[in-house]
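Data block below; observations after.
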Amino acid sequence: MADKKNLLLLFDHPTEPVFMDKGGNGTVFDVPDSYVTDRYNQMCKKVQRRVSSASEKNVQVKEIAIPDLSCSMRLGRSEQFSIFLKSHRKMASHLIEIFTKMQTVDELQSVAVYARDRVNPVLFNYALSVALLHRPDTKDLELPAFAQTFPDRFIDSKMLRSMREESFVVERSAARLPVVSSVKYTASDLDVEHRLWYFREDLGVNLHHWHWHLVYPIEAPDRSIVDKDRRGELFYYMHQQIIARYNAERLSNHMARVQPFNNLDEPIAEGYFPKMDSLVASRAYPPRFDNTRLSDVDRPNNQLRVGIDDMKRWRERIYEAIHQGYVLDTNNEKIVLDDAKGIDILGNIIEASDLTPNSTLYGDFHNMGHILIAYSHDPTNKHLEYAGVMGDASTAMRDPIFYKWHAFIDNMFQEHKRLLSPYEKQELSFPDVRVESIQVESQGQVNRLTTFWQESDVDMSRGLDFVPRGHVLARFTHLQHHEFSYTIKVENSSEATRYGYVRIFLAPKLDDRNAPMLLEQQRLMMVELDKFVVTMPPGSHTITRNSTESSVTIPFERTFRNLDKLEELQNFLCGCGWPQHMLIPKGRPEGLRFELFVMVSNYEEDKVDQTVADCGCSIAASYCGLRDRLYPDRKSMGFPFDRKPRRGSEILENFLTPNMCAVEVIITHEDRTEKLREVPARS
């Protein structure tokens, strides 16, 4: 029986033939002759003998009858794959179906080995990843980070060349020096948007977006892979939180909040020049110049034809449905957009996933927005150019237009939310429970948090093809903060033990004009920091919680990790979650004022009846849910800030009920870099 961990080796060196050595210990797949592509048929055995002599392990591949892969092979090996393109999703869905229907790990390994050299490498990575995440016999595997198999999505072409040079020239991997990523490679300080390079180009932020779309694919052969609990609402909330976090960073850099891209006829003011090469396509990601206008896209090779008028029509129909309070399914039956399920239905319509009740009527709005922008430089394929970074889930967040587009998408969701009745005091209160105070402490300072720059290394060797083996480190500079802890004082004045759900949010106190924020504005900038359950016997209690325990984030080591020490991370199998080092905004050198909000709600009302102890993932559930489980909170995502405030609660102070508390917190940024000192010797 095959060792299922060998399946992970198929992600290594994605453009090299499958019979080449894989993994840190030089594992070789013993590939049947019939599985070798025509190109390598004559030399495969000769190469394998050479490679096998230095390898530590050989993996026998069982020869089986291979299913028809022709659908998934329609996309060329050197073309660009995009989950936003329906034709590409169909190809991926076909391959996912083949992978998930294999009866045993042996059969899965055989068909994956066969497919690997025949289908597009990125499509293969996506399909195998989705299959492994959802097969009962492989869902506990630790998937390699996408950055370590496709480093070209995360570093510029100059750095990629330097890494190849380091790998080729310095034979002994222990003597190789890290290749340092520049912080100024996409634009100069003349570009105001470049102040946010550390957010848009952050490794963990972009990995989060890619991994979220792996866990929540838009389309799949088995509806259960897509139809996860509150999937549409999660699409709304995860992206809403990205915009809230982005706006906090903009305020940290003396910039106005992002303006929604709500007029498709207007030019896109911001250009973007990614400076990245696609290893699969062997060409550069195309730039977008300032003031580029969107055009109808007609690219028959991608079975793609979508126009500005299509987008406007879909938008009007979605807004009409929101204002009417219902959508129509394919049988012309009404589906009510109620308080509980309405946002979930809208999420599946706007994205749009396989779960949309009527794709003919409401279209593919969000996905086609990505596509129109991604092909704005060559909408008719006249110049044979591939899509820009907005066409790829792993690169889209690098582009300033991503945030303007998603700010507009969020406005559509907020239109629905504003039509819902505000929460009244009795819906927000927790009888007999009072939050007396909250404070944060970091480095001995109370209610003061500090951010700074930090260097960290990522081993990207397994994404560098056709170069000598061994570790090749990329060194990134990223935002970091000192750890902090919450101290919450709560009183339970009843005579019974109560169970509370602690909800912690953070939002700027002043707007971009330095004026106090009204709650209707501020609630849209509330960033969720944590959510957890507490037990409160009668009396007074002090609750403490460390920032590293956040329900929003995945551990720092999950982003910056050693490829050969994955056993240390077996408790963090999902990989979906916001990066820990980006938990709080950057702040300013002089300090930026935020309001820290805590609410203790009634867990007996909020809890979902299920067991989560053995779900096999870190509990970064706020943005990603729980694998194979219901979302662990009955309340709407973003509660209590997902609706407009009740009358008389124009500011946060007036919104508070006894089970809530808020305090001012100052975030200060120190413009210094904590450098790594471990430098291998050249010998």
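Glycine is no exception: its Cβ is also placed from the backbone N, Cα and C atoms.
Among the candidates His239, His254, the residue that Swiss-Prot names alongside His209, His213 for the Cu cation A site is His239. When the candidates His323, His406, His416 are compared with the Cu cation B site entry in Swiss-Prot, which names His366, His370, the shared residue is His406. According to Swiss-Prot, the cysteine that forms a disulfide bond with Cys624, out of Cys71, Cys576, Cys661, is Cys576.
Of the recorded residues, His239 (Cu cation A binding site) and Asn546 (N-linked glycosylation site) place their C-alpha atoms 25 Å from one another. Under DSSP, Asn492 (N-linked glycosylation site) is assigned to a strand (E or B) in the three-state scheme. Listed in sequence order, the recorded positions from His209, Glu351, His366, His406 having a Cα within 10 Å of the Cα of Cys576 (disulfide bond) are His209.
Distance noted between the C-alpha atoms of His406 (Cu cation B binding site) and Glu351 (active site, proton acceptor) is 11 Å. Here the CA atom of His370 (Cu cation B binding site) lies 11 Å from the CA atom of Glu351 (active site, proton acceptor). Long-range Cβ neighbours of His370 (Cu cation B binding site) (same chain, at least 6 residues apart, Cβ-Cβ under 8 Å): Phe84, Met390, Gly391, Ala396, Trp405. Each of His208, Trp210, Trp212, Phe235, Met238, Ile242, Ala393, Ala396, Met397 belongs to the same chain as His209, His213, His239, is absent from that list, and has a C-beta within 8 angstroms of the C-beta centroid marking the Cu cation A site.
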